[in-house]
Amino acid sequence: MKLDEDLGPDRQDEFQTDDEENQAERNCGYDDDEDVSQSDDLSPTSQNSFDDCNDVNPPSWPQSYRQSMDMFTSVTPPSISFLKGSSLTHRRLPPSYSESSLHKPLVSSTNFDKEVLPQTTSFQSFTSLYSILSVPELPPPREQCSVAQAALNGINVICGMGTLAVPYAVHEGGWLSLLLLLLFCIISFYTGILLQRCLEGSPGLKTYPDIGQAAFGVSGRLVIAIILYMELYASCIEYTIMMSDNLAKMFPKAHMYIGGMYLTSHQFFAITTTLVVLPTVWLRNFGILSYLSAGGVVASILLVICLLWLGVVDQVGFHPSGTIIDLANLPFTLGIYGFCYAGHSVFPNIYSSMKEPSKFPGVLVATMGFPSVIYIGVSVCGFLMFGDNIKSQFTLNMPQQYMATKVAIWTAVLNPMTKYALTIMPVALSLEELLPSSHRKSYSIALIIRSVLVMSILIVALAVPFFGLVMALMGSLLAMLGAIIFPCACYLKMLKGRLTKWEIAACGSIITFGLFCSCIGTYSAFANLVNKMV
């Protein structure tokens with residue numbers, strides 16, 4: 001766009017009539033066959049985009065990120081519907097979509113010293129211009145979250161699979177490694193505040209990829225989006241391993257022969273659970289699953305109760321053991337601890353959805369503090385109970401004859417089942433955006449894409465069935481980038497020239513720490529993975 005002309009000194013108020021707007025669309029070669037609401041007012045920016053079609057820069061991929069991640073964190077989801085009948089191009093959009101980030105440029109020229117001009121866009125015009133990027137099965141962005149609801153959404157994201165693995169991390173790194181867990185908590189809180197400051201500096205930014213684009217251009221947006229989508233994809237791999245491991249413990253004798261090929265209990269349940277969750281991935285909207293997945297916090301608390309019940313009431317007991325610190329295995333522990341606080345992909349969404357964004361730091365305190373209490377409590381109790389025999393999921397150590405064990409295992413199985421579809425949905429929608437507009441009209445193609453994604457996750461889970469190693473690799477390679485390195489890098493870039501020396505030093509130190517942990521943690525995880533598979 002000719003931004004300099006639009007925001008020139010005169011700031012002239014120009015308006016197009018409907019006839020002029022329609023003529024501009026015809027000159028650009030766009031048709032408007034949809035029954036959508038029209039607006040008679042156009043900002044200079046909107047007018048110029050139709051006067052000079054060659055200057056229009058459509059929003060960068062992915063456009064579905066904000067709404068899909070809102071569904072991932074929401075505890076107040078919309079109605080539910082199946083894939084069929086929810087075509088990407090045949091559903092009428094609600095009026096509130098005129099404000100949706102799917103139909104307007106996500107990132108304008110960012111200048112923190114200039115006044116941000118209010119802009120009104122023509123919904124009809126932007127629908128025509130950006131129709132190839134619309135994803136109308138998603139709900140409009142929510143901006144009604146209370147502080148308590150925002151905190152619950154954040155805790156629900158942070159407090160997850162890491163709960164099962166922290167006792168194993170203490171076993172690998174030693175008791176003093178818990179100090180690193182607290183350090184990651186503090187750093188993650190600080191980098192969450194940095195993301196908030198980036199959003200406050202430019203009101204047009206709503207998501208993490210938006211921040212990446214404002215800081216480093218389209219390449220920054222793509223890199224951050226791809227890393228966050230890889231993190232979600234890897235989480236589904238962990239879900240599959242987690243469900244199959246726990247079911248195999250409950251039913252160790254389960255097996256099957258298929259075409260002369262023997263399937264162990266782990267392989268059998270990996271395939272079975274994948275077939276169970278597959279239909280949920282075919283949903284267009286995920287209302288019921290959003291309500292159920294909000295129970296992630298309850299599931300974590302229930303696991304803690306079962307562990308304590310087993311140790312105290314069922315008299316498994318607590319037996320001091322372990323080393324103070326194990327430097328050789330400490331890099332592996334860093335990856336698991338990093339994974340425990342990998343929730344920054346949704347922090348901008350939570351901030352943007354709040355009624356009172358100024359209270360976001362309090363939300364971060366709850367989001368980081370509550371899981372940390374659970375992590376430390378579980379790691380201490382789990383390691384004291386099972387000692388050097390602790391496995392990558394403490395549920396696998398629990399004696400099977402106790403009721404607490406059965407409750408814990410079924411909790412560890414059912415909770416990821418409810419989260420699976422919501423976790424893979426942003427990845428699927430981002431891939432569907434890349435389809436030609438003609439293919440987007442067919443729900444069967446979307447069904448194929450989602451099914452292929454789920455099958456690929458199953459293949460990886462069967463090939464690499466190591467829960468702790470995959471988590472350590474995710475934490476070192478992906479979480480360090482998304483939760484530690486990129487927030488600081490974006491903050492330094494976007495507010496360059498306005499930061500104090502202390503802020504620059506703090507961000508530089510955190511980036512250095514993150515890079516160091518990422519390198520040694522990734523190397524350690526890969527080395528252990530190779531040793532397991534050889």
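Just so it is clear, glycine is given a Cβ too, placed from its N, Cα and C backbone atoms.
The model shown is predicted, which means the values in this text are computed figures rather than measured ones.
Residues or ranges marked as compositional bias 'Basic and acidic residues' in TrEMBL: 1-14.
Positions annotated as region 'Disordered' by TrEMBL: 1-65.
Summarising the annotation, TrEMBL assigns domain 'Amino acid transporter transmembrane' to 145-525.
Counting only same-chain residues 6+ beyond the ends of the transmembrane segment (150-169), those with a CB under 8 A from a CB of the stretch are 72-75, 177, 181, 235, 238-239, 242, 293-294, 296-297, 300, 303-304, 332-333, 336-337, 339-341, 343, 346-347, 350, 353-354, 360, 362-364, 366-368, 370-371, 374-376, 378-379, 381-383, 386, 390-395, 412, 416, 419, 467-468, 471. For 150-169 (among others), the entry in TrEMBL reads transmembrane segment.
Feature annotation from TrEMBL assigns transmembrane segment to 175-195 (among others). Among residues of the same chain six or more beyond the transmembrane segment (175-195), those with a C-beta under 8 A of the stretch's C-beta atoms are 166, 169, 208, 211, 322-326, 330, 333-334, 337-338, 340-341, 343-344, 347-348, 351, 361, 364-365, 367-369, 372, 375-376, 379-380, 483-484, 487-488, 490-491, 506-507, 510, 513.
The transmembrane segment annotation in TrEMBL covers 215-234 (among others).
As annotated by TrEMBL, transmembrane segment applies to 254-278 (among others). Residues of the same chain lying 6 or more positions beyond the ends of the transmembrane segment (254-278) and with a Cβ under 8 Å from any Cβ of it are 240-241, 243-245, 247-248, 413, 417, 420-421, 451, 454-455, 457-458, 461-462, 465.
Sequence annotations record features per position, and here TrEMBL assigns transmembrane segment to 290-312 (among others).
Look at TrEMBL and you will find 332-351 (among others) tagged as transmembrane segment. Long-range contacts of the transmembrane segment (332-351) within its own chain (CB-CB distance under 8 A, at least 6 residues past either end) are made by residues 66, 69-70, 72-73, 145, 150, 153-154, 157-158, 161-162, 165-166, 168-170, 172-173, 177, 180-181, 184-185, 188, 191-192, 195-196, 199, 205-208, 210-211, 228, 231-232, 357, 360, 363-364, 367-368, 371, 375, 468, 471-476, 478-480, 482-484, 487, 517, 520-522, 524-525, 528.
According to TrEMBL, the transmembrane segment annotation covers 363-387 (among others). Outside the transmembrane segment (363-387), and at least 6 residues removed from its termini, the chain residues within Cβ reach (under 8 Å) are 147, 150-151, 154-155, 157-159, 162-163, 166-167, 169-171, 178, 181-182, 185, 188-189, 192-193, 300-301, 303-304, 307-308, 310-311, 316-322, 340-341, 343, 347, 350, 354, 394, 397.
The transmembrane segment feature in TrEMBL is assigned to 443-464 (among others).
For 470-492 (among others), the entry in TrEMBL reads transmembrane segment.
The transmembrane segment annotation in TrEMBL covers 504-526 (among others). Long-range contacts of the transmembrane segment (504-526) within the same chain: residues 187, 190-191, 194, 329, 331-332, 334-335, 338, 469, 472-473, 475-477, 480-481, 484-485, 488-489, 491-492, each at least 6 residues beyond the stretch ends and with a Cβ under 8 Å from a Cβ of the stretch.
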Task: For the transmembrane segment (215-234), could you work out the same-chain residues 6 or more beyond its ends whose Cβ comes under 8 Å from its Cβ atoms?
output: 60-62, 65, 107, 198, 208-209, 342, 345, 423-424, 426-427, 430, 453, 457, 470, 473-474, 478-479, 481-482, 486, 489-490, 493-494
